[in-house]
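For reference, TrEMBL has these:
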- 134-158: transmembrane segment (TRANSMEM)
- 135-394: domain 'Ion transport' (DOMAIN)
- 192-210: transmembrane segment (TRANSMEM)
- 231-251: transmembrane segment (TRANSMEM)
- 257-275: transmembrane segment (TRANSMEM)
- 296-318: transmembrane segment (TRANSMEM)
- 359-381: transmembrane segment (TRANSMEM)
Amino acid sequence: TGNTLLHILVLQPNKTFACHMYSLILSYDRNKEGAGSLELIPNNEGLTPFKLAGVEGNTMMFQYLMQKRKQNLWSFGPLTTVLYDITEIDSWAEDQSFLELIVSTKKREARQILDLTPVKELVSLKWNMYGRPYFCFLALFYILYMVCFTMCCVYRPLKPRTGNKTSSRDNTVYVQKMLQESYVAYEDELRLVGELITVIGAVVILVLEIPDILRVGAAKYFGQTILGGPFHIIVITYACMILVTMVMRLTSTTGEVVPMSFALVLGWCNVMYFARGFQMLGPFTIMIQKMIFGDLMRFCWLMAVVILGFASAFYIIFQTENPENLGQFYNYPMSLFTTFELFLTIIDGPANYDVDLPFMYSVVYFAFAIIATLLMLNLLIAMMGDTHWRVAHEQDELWRAQVVATTVMLERKLPRCLWPRSGICGQEFGLGDRWYLRIEDRVDPNKHKMMRYTEAFKAQDRDNCDKGSEKLETSGDTLCKKELSALSLSRNTSRTSSHRGWEILRRNT
């Protein structure tokens, strides 16, 4: 019952009342330390009160709980060294990481905790010491891996075509070699090494990704943009395409160009995932994801309706014409592709001035240009501009969340020998087995800074007095009483603000 009350207090809107009641309930806890403590008992979702405060974005409760857990190590003049308990914050030995919970929640208030002490210092320590070097090395390794795969695709086994052409539009001159012919020369053996590296890399990707999908859940793993959800879909699809290409090569099945081309596009697009390691490029990946899966997905439904309607009209109009003179709409699939190019203004309207064009083509093309080019494309640009404006206001916050997600991911993937635990064990200071992060706080005793505060308060008093005197000189006799009352009010306000300012100075001194 006590643990349930603690979880309820974390969700209370009255933060001050919740903090007092939280302390009152803990005062009756018999097991204040150890596994039986009320603060360490999780709810049905596996969240302790401390983790629940972070997930809900309750910054006041989080700071209150951290103040209870900190230990003042020593203080000398303006310097104070504090030990913050990071047992539940550090993701090193946690199955359900506090940092991962914060970046995966949909509440923006929760990401503000990443700017609070000691979370900010812990993330900065992990990222600067281990996260950034490992992430840059991983990015370089992946780019070299993609270069190897690209060279294997460029020099794939082909041979000249021996059969006759089936139609005048047939333009094929090379065909795929059979398996027995693909690995004969020395160049084929070099390509085989690259292909083995590519296949091993695809298997490693699947081995690393599938356990996280089972642990987190597919909806949460692929749906969170900060966690890199769309990029996980891309890299898993890429690995599957590599394995499909390998099976087609081993069985000598024609058509391996289809999965191979998909794999090339997906593999190189996944390079954008590594932009999150840089503050200048990280927020742009968030913008691209939100535009693709937000604005563009909704726009594609409208675009599909327009393309289907006008492509059908164009095909019917040119159905009776000679395809040798106007071949852009010679069959229905080609009509869909040509209409798509016209929609994006990649090509101009096809026209051959040596022959007569159907009259309805001009009418339909005029309507298509008005609807597609002038209306719908400008609508898409406006939607993307609005998304860019919204994300731009959160870019620093989103980048920090990306850094936290990347740090947690690397900490889970890498061996323990390559990523030691951050912080100091409490046994060194007689504080038990809990882990602490040492943070030094410095109070600035600069007297000149205090003098600037003093001069600012004096200037505020002089300005208020000058304004009051000007009002008295320019006012008439009929407004004398109102001006005197206003003057007294402004002076009282000035005294009140000055009094508060001097009180702040006294406390700081």
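Cβ coordinates are placed from backbone N, Cα and C, and glycine is handled just like the others.
Because the structure is a prediction, the values reported are computed rather than measured.
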Spatial neighbours of the transmembrane segment (231-251) far in sequence, C-beta under 8 Å, 6+ residues away: 149, 179, 182, 195, 198-199, 201-203, 205-206, 209, 221-222, 259-260, 262-263, 266-267, 269-270, 272-273
Same-chain residues at least 6 beyond the ends of the transmembrane segment (359-381) whose Cβ lies under 8 Å from its Cβ atoms: 295-296, 299, 302-303, 306, 310, 313-314, 317-318, 339, 342-345, 349
Leading stretch by Cβ pairs under 8 Å, where the reference is the transmembrane segment (134-158) and the options are 192-210, 257-275, 296-318: 257-275
Same-chain residues near the transmembrane segment (257-275), Cβ under 8 Å, at least 6 residues beyond its ends: 135, 138-139, 142-143, 146, 149-150, 153, 156, 176, 228, 231, 234-235, 237-238, 241-242, 244-245, 248, 281-282, 284-285, 288
Integer mean pLDDT for the domain 'Ion transport' (135-394): 83
